[in-house]
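A.B. asks: Dropping a structure here in structure tokens format, bear with me for questions.
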Amino acid sequence: MASNGSMRNVGGSAGGLKFGLIKRTGVVSGSNQQIATKKPAVFNNDSDEDALNASDSESPQIKNSKSKPTSSSFRSKAAREIQTQSAPNARVEKAKQAALDEDPNIFDYDGAYDSMKEQEEAQRRKRDLGDVDKHGRKKPRYVSNLLAASLQRKIELERVEDRKVAKERVEEGDLYGDKDAFVTEAYKERQKELRRLEEEERRNEALQKTGGDMAQFYRSLLDSHEQITAGSNLSAKDIAAATAERERREKERASEEKERLEAAINRGEAKINASNEVVDKRVLLKGGLNVSRTKLRVIDEEREADERDRERIREEERQKEREERERKRVEIEKRRAKEEQAKRLLEETEKQMAESEEKRLQKIAREREDLLQKMVKKSTEAVVLDARARYLARKKAQEQQKGEADSD
């Protein structure tokens, strides 16, 4: 052993054997003693320079005196070393604080590892179950396809309507060429969007026809890489929530396994040894036992979510039907009100015309009656005058006859 002492078998004065730490008889110099006892301070860059400066400033007498180690010198050196080692390094602490200020989770290695595992678990669950939401539940399987199909049908109907309008304009020709055309900005934007969708569909169809070209291969590779790295930009809150969810699932899984084991033991299907360990676990792998309550709950939630989505779609359809019926009812009521108003107007017009005709006839009748009365009055006066004239004529004739008779 290369040290200050060695294990030796030394013969004693009594002729017996001695075993132990035997110090060397040689004298260790002061420089060697200082180098052997000196230890570098951790996180202390100035300790070596301080030690060198102190050694240079000491006098030769002090160096010579230190060449012989004593208990007090050992204690003072140990105290200085402890003090220098315990003193914090200002630069290291400052850099650490700056890093913590920039990112509080920079030294959270366990959290980063858990987030990586959570991403791997999410990708594995996505491969096993398909698309899942942020809570780890499976998304509805057919609703997105139904919505996409509905959107595609709407787009096709708009295209058919546009083609119909264009055909009508072609048939019209220059019939309305002198009229001003008014087109809204929303209609223009919608037309641009429809043209863009048509171009995209044609491009996709061309890519599907050409098949396995390298551009399609690299595009699919890039899309898959983006899907894998989509969950890397997670916040600390999302990581903490995912970690809590994972711990909860692990606790539920352990509780379910314990319950299944106890149920199997109570039924006598599993045996345990003296250490309460299951001797044969194959009985726990029978059909139906692997379907945990968590998975059943997830399946029920998925079924309920699908049912809610279908119910929502049916409700939207029923709402549209109700709105359509209400619109038709309002149109019928408006048309009926217009018809009734026109009928009342016609009746009022006929009534006014009848009243006007009756007034005209009454006026004619009054005029005729007045004329008749006037004519009757005139005829009565003529008769009286004629009778009077005859009376006077007879009287005159009588007087003449009487005068002639007297004269005779």
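Cβ coordinates are placed from backbone N, Cα and C, and glycine is handled just like the others.
Whatever TrEMBL says is automated annotation, not expert-curated.
Keep in mind the model is a prediction, meaning the values are calculated, not measured.
Feature table excerpt (TrEMBL):
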{"type": "REGION", "residues": "28-138", "note": "region 'Disordered'"}
{"type": "COMPBIAS", "residues": "63-76", "note": "compositional bias 'Low complexity'"}
{"type": "DOMAIN", "residues": "93-210", "note": "domain 'Nuclear speckle splicing regulatory protein 1 N-terminal'"}
{"type": "COMPBIAS", "residues": "115-134", "note": "compositional bias 'Basic and acidic residues'"}
{"type": "COILED", "residues": "183-210", "note": "coiled coil"}
{"type": "REGION", "residues": "228-260", "note": "region 'Disordered'"}
{"type": "COMPBIAS", "residues": "244-260", "note": "compositional bias 'Basic and acidic residues'"}
{"type": "REGION", "residues": "301-359", "note": "region 'Disordered'"}
A.B. asks: Taking a Cβ cut-off under 8 Å, which residues six or more beyond the ends of the coiled coil (183-210) line up next to it in the same chain?
C.D. replies: 155, 158-159, 162, 216
A.B. asks: With DSSP, how much of the compositional bias 'Basic and acidic residues' (244-260) is helix, how much strand and how much coil, in residues?
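C.D. replies: Secondary-structure breakdown of the compositional bias 'Basic and acidic residues' (244-260): 17 helix, 0 strand, 0 coil.
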A.B. asks: Where DSSP helix means H, G or I and strand means E or B, what are the helix, strand and coil counts for the domain 'Nuclear speckle splicing regulatory protein 1 N-terminal' (93-210)?
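C.D. replies: Taking each residue of the domain 'Nuclear speckle splicing regulatory protein 1 N-terminal' (93-210) in turn, the totals are 87 helix, 2 strand, 29 coil.
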A.B. asks: Within the region 'Disordered' (301-359), count helix residues (DSSP H, G, I), strand residues (E, B) and coil residues, in that order.
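C.D. replies: Reading the DSSP string over the region 'Disordered' (301-359) gives 59 helix, 0 strand, 0 coil.
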